[in-house]
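According to TrEMBL, the Fe-coproporphyrin III binding site annotation covers ARG130, TYR144, PRO145, MET146, ASN147, LYS148, HIS171, GLN184, SER222. According to TrEMBL, the feature active site maps to TYR144.
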Amino acid sequence: MSEAVQTLEGWYALHDFRTIDWSAWKLLSAEERAKAEDELHTMLREWSDIEERREGSTAFYTIVGQKADFVLMHLRETLDELNELENAFNKTTFAQYTKPVYSYVSIVELSSYMAKPGTDPMQDPDIMARLKPSLPKSKHICFYPMNKRRSGNDNWYTLSMEERRAHMRSHGMIGRSYAGRVKQIITGSVGLDDWEWGVTLFSDDPLTFKKLVYEMRFDEASARYGEFGAFYVGNLLDADKCRQLLSIG
Ligand code: VOV
């Protein structure tokens with residue numbers, strides 16, 4: 001039997017994808033819409049206070065295309081907190097005018113393939129910052145779930161630790177050549193959701209997502225062992241953009 005790699009876990013993650021029920025939203029009076037928006041902005045401010053206290057982080061992006069209209073990505077210390085905030089959001093007036101279309105539950109994960117031997121990762125401030133990150137406010141987000149293949153001769157889980165480490169080293173080298181242009185948050189979801197990992201990328205240039213993902217397709221860790229779900233891509237929603245999105249002319 002191959003040895004499982006040790007993993008470090010940080011904050012739990014919920015990706016909550018919704019569409020907006022525009023016909024119902026448009027039927028509201030301007031006053032009713034303004035009230036619902038104020039309530040939404042109060043909740044967004046509460047989430048940003050939580051982020052300032054370093055007790056979690058939230059990213060709010062539109063989604064381009066028909067899979068969803070927006071995503072709220074939340075990171076929190078516990079699954080209970082994620083569930084509470086999901087329920088609190090569902091009780092808002094604005095949420096009544098949204099329809100859930102997809103969600104993903106996972107936890108920020110770092111594997112120890114590249115760990116320095118003899119060091120305690122939990123004492124390393126860089127590692128702690130990666131496990132409990134403030135989500136970037138980059139202009140664009142890209143999310144997709146993925147598995148490592150388990151079929152015939154292409155079974156990631158029967159490779160030796162050394163083979164997997166060599167693959168991850170090569171994978172990491174490609175990733176590092178995108179340093180400063182894209183930030184990745186890898187969340188593990190074995191036992192938590194339908195795929196094995198969630199990949200969330202942040203960048204100021206959406207073309208970087210295409211370049212990076214394409215280049216990785218040629219790397220064996222992805223070419224031979226990667227299986228991918230649906231891709232969601234979108235644009236940052238700050239308070240002004242959010243008002244613009246919800247305004248009815
Ligand atoms: C954007 C840059 C980037 C960089 C620098 C980077 C580096 C690294 C390193 C060094 C490591 C291993 C240690 C750790 O940190 O866990 C990983 C780990 C991982 N990655 Fe990665 N990855 C990136 C980016 C990046 C992308 C774009 C993808 C999607 C793959 C694709 O084809 O679409 C991905 C996937 C993963 C996964 C699923 C894991 C866990 C695999 C496991 O078996 O445990 N990743 N990754």
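Using the three backbone atoms N, Cα and C, a Cβ is placed for every residue, glycine included.
Structure with TrEMBL features highlighted.
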residue	record	Cβ contacts under 8 Å, 6 or more apart
ARG130	Fe-coproporphyrin III binding site	GLY10, VAL108, LEU110
TYR144	active site	GLY198, VAL199, PHE228, GLY229, ALA230, PHE231, TYR232
PRO145	Fe-coproporphyrin III binding site	TYR104, SER189, ASP193, ASP194, TRP195, GLU196, TRP197, GLY198, VAL199, PHE228, GLY229, ALA230
ASN147	Fe-coproporphyrin III binding site	TRP195, GLU196, TRP197, GLY226, GLU227
HIS171	Fe-coproporphyrin III binding site	MET216, ASP219, ALA221, SER222
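Of all Cα pairs drawn from ARG130, TYR144, PRO145, MET146, ASN147, LYS148, HIS171, GLN184, SER222, which the record names as binding Fe-coproporphyrin III, the longest spans 23 Å. Under 6 Å, Cβ to nearest atom of ligand 1: this is the test, and of the recorded positions ARG130, TYR144, PRO145, SER222 it is passed by SER222.
Taking the Cβ of SER222 (Fe-coproporphyrin III binding site) as centre and 10 Å as the limit, one finds 19 other Cβ atoms among all the protein chains shown. When secondary structure is read from DSSP and collapsed to three states, SER222 (Fe-coproporphyrin III binding site) falls in the helix class.
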